[in-house]
Amino acid sequence: KETAAAKFQRQHMDSSTSSASSSNYCNQMMKSRNMTSDRCKPVNTFVHESLADVQAVCSQENVACKNGQTNCYQSYSTMSITDCRETGSSKYPNCAYKTTQANKHIIVACEGNPYVPVHYDASV
């Protein structure tokens, strides 16, 4: 079974590119990372930074998560991210996404030992 940390990496990490390569980025990535296999995941964010830099956020600014839990952390610096949002015309199994590139602070929930990101909460 996929661990929470591994799932975070599959769903949110793309260190191989510094930003979204094209407007088709989300359509390709959401499919290749298995987020359209049983339904279209409505919203997802990819982070274009090194895994080490994203894992380091777990020791940065402690903030409250959207759900009220206290194990969320906000990055000190902005990071290159790509937001993928399902379009109005998207219909499973032909999931369609709008690709939006941004530089924002990320907020992740961290758990475990080692203490690593397991959930992408928000970007600000």
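Cβ atoms here come from the backbone N, Cα and C positions, even for glycine.
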C84: disulphide-linked cysteine among C26, C40 [source: Swiss-Prot]: C26
According to Swiss-Prot, the disulfide-paired cysteine of C40 among C72, C95: C95
Neighbourhood of N34 (N-linked glycosylation site), C-beta criterion under 8 angstroms, separation at least six: R10
Candidates C58, C84, C95, C110, namely the disulfide-bonded residues, that fall within 10 Å of C72 (disulfide bond) by Cα distance: C58, C110
